[in-house]
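The active site, proton donor annotation in Swiss-Prot covers GLU351 and rests on sequence analysis. Marked as active site by Swiss-Prot on the basis of sequence analysis: HIS382, LYS510.
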Amino acid sequence: MLTQLKTYPKLLKHYEEIKEVHMRDWFSKDKERASRYFLQFESLSLDYSKNRLNDTTLKLLFELANDCSLKEKIEAMFKGEKINTTEKRAVLHTALRSLNDTEILLDNMEVLKSIRSVLKRMRAFSDSVRSGKRLGYTNQVITDIVNIGIGGSDLGALMVCTALKRYAHPRLKMHFVSNVDGTQILDVLEKLNPASTLFIVASKTFSTQETLTNALTARKWFVERSGDEKHIAKHFVAVSTNKEAVQQFGIDEHNMFEFWDFVGGRYSLWSAIGLSIMIYLGKKNFNALLKGAYLMDEHFRNAPFESNLPVLMGLIGVWYINFFQSKSHLIAPYDQYLRHFPKFIQQLDMESNGKRISKKGEIIPYDTCPVVWGDMGINAQHAFFQLLHQGTHLIPIDFIASLDKKPNAKGHHEILFSNVLAQAQAFMKGKSYEEALGELLFKGLDKDEAKDLAHHRVFFGNRPSNILLLEKISPSNIGALVALYEHKVFVQGVIWDINSFDQWGVELGKELAVPILQELEGHKSNAYFDSSTKRLIELYKNYNQ
């Protein structure tokens, strides 16, 4: 456990020594701070100079990583050891994008050979849709693709397709359906022509309640309009491992793309779950996405900790969570194409590390994953940045932006990028009472009024942030960015001694929903309901009589 590691008390002592130091002072005393605390990898750079740390902090954090045998645990993941201990599974999302030729054997399975076989089928299918060779039941080309999934079968593909929209096939429109409330699927369907629509049903078991409910609604809509169930074969494909259920639905087994237990949902966009990405963007761009992630994998696996982006970001996060007692972490992308990135990272981070039981089954006596949240940075400035600047919570921030200007939008990117830099500077530097008072007096305010108002215009600063810069929003850079966060999450899971690759927390609610659903549908359940739940069931039933 973290608190039992030999470096932990050293970090506690060091924290007490520097907790009151203001970053302003570090910057004023160290003119090289910005250049020393800056890393570049391929087209991605990290400025971590605006963090509440110094060389001693970093030295101790790297010692902490060594205490945890982080290097050995990184190797164990890449080699296919069953590090998902509660489910006795390997964790090989990295193999999905591997460009190495050294085969990985897992329970007599040739992992890379299996992955590349599915990728080959995905490429052929994608080409047939994009080229117009694959036609609908009236011989129309496909114009719309509907991805039906939830969680990891939705968020990654949605994020990537949105981020890389500029690379999409001009004929194709992407739609994503995950919510089971009925509104989303019906809103999507009313825009579509069944004769030119392709549905991708993404569910490993092909029994996920939300996904199957939406898929059956889409199937009913399609059959009613096409007039014959046999047309399903041309318009529905599945990403699943349950061949029997897929065939019962009416999908041809040749239109089923498999993935494996060694790929967790939140790590699956690189697998057949990314079929929608490949069709929308094309195999060339999908390959570039994989390559960007692979290059980050190699960096994570081989770079010294001192220059290793995922290791550094993971350790800095631990520094705030376990020593500064930070409970929250903000993702603030300053690019419209990255608007779904915070939501994707929410699942990646919180479903992986939102746990309090160690690998040995013991209750952990320290904090693990913070609440991860975020929004488009420029919009967030006018919504909740007030709390970040002057509130009572210490919330580290990841600013994410690109250097590349958008065509036909003169002046826009300069305004956007200036705000990234200004906000990061403001969070670091702040504004003292004396500075606020001087500004108000300079503007001509009465001295007594200025003294009172100045208190409200103080910014304490010392708010930490990272600035992640991509040269441009491209397939390879998005691949690298996602892999960076995947590995950051892994690093923190190792430090906290938790299994980052299971998600038992999603199960209990699903189990309890079964008897409640029976009651709502008018069937008697033998389950026990607390008085609150029972009353709400009756309220629903009475309203819908």
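Glycine too: its Cβ is placed from the backbone N, Cα and C atoms.
Sequence features, as recorded in Swiss-Prot, placed on the structure.
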residue	record	DSSP (3 states)
GLU351	active site, proton donor	helix
HIS382	active site	coil
LYS510	active site	helix
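Burial estimate for the active-site residues (HIS382, LYS510): highest at LYS510, by number of other CB atoms within 10 Å. A straight line from the CA of HIS382 (active site) to the CA of GLU351 (active site, proton donor) spans 29 Å. For the pair LYS510 (active site) and the residue listed as 'active site, proton donor', the C-alpha distance works out to 15 angstrom.
For GLU351 (active site, proton donor), the count of additional Cβ atoms within 10 Å of its Cβ stands at 22 [all protein chains shown].
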